[in-house]
């Protein structure tokens, strides 16, 4: 099953002919992703990477039947690109762009309400269902088809969890990078809900970080959920000082809230297994699944 994307997913790229769009589309095609075209305004009618280029998302969807889009567009224009994809009713939209103004994302968040679109990101590595479909910037070769669902606010820590679960032979069902911005499209609760309902996903790894209350919300959801699966969590930023932004725009302890200890406490009370070192994520999951 997996979640969000599979081998049947038809993907277009917004910002297709730019350097980032070109490079990562080449990587996706090489991985086996079903890329069906791309969008660059003003370049419609041309071909790029042997795929058709369209002026608008509406046109691309009408001609290709695309149901997913990946966005490699500079921050000043990225929100408009997301809004265009929402307007075209693209089912899964993955926005990689970092640095989109918060007010722009507030407008996007409003447009998502009641829409047919699921937004992943922005400021994220993307989504991958190993061996089937790769949408984003993650290195494909470290992934292996398997049974662990991974959801993370951090890109590089996602790769760490992936490499470790591959190394211990567990593999991944789907990996979702939800992004490190304060306003994003899909949160931990959304992903954990999908993983809990997915037959192929036997256990979940959740990687959080300081700032906001997304992890606390996830802990409450896990506590209330009737479906139970083993969950391992790592929270980055245990030693982070209050008031200092740590890399991501959303990674800041403010107003006395959002500390790693608060999040760890909430998750532990929900029955989640905690690891305090990113080096132990895979081993912790392996041991949890093989105990007694």
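Here the Cβ of each residue, glycine as well, is placed from N, Cα and C on the backbone.
Given the structure is predicted, the values throughout are model-derived calculations rather than measurements.
Of the residues proposed, 43, 61, 63, 116, the one Swiss-Prot records at the same CoA site as 17, 18, 19, 20, 96, 97, 98 is 43. Cβ neighbour counts within 10 Å, taken over all protein chains shown, single out 248 as the most crowded of the recorded positions 43, 248. Max Cα-Cα distance over the annotated CoA binders (17, 18, 19, 20, 43, 96, 97, 98) is 24 Å. For the recorded site, residue 159 (substrate binding site), the DSSP three-state label reads helix. A straight line from the CA of residue 248 (active site, tele-phosphohistidine intermediate) to the CA of residue 19 (CoA binding site) spans 24 Å.
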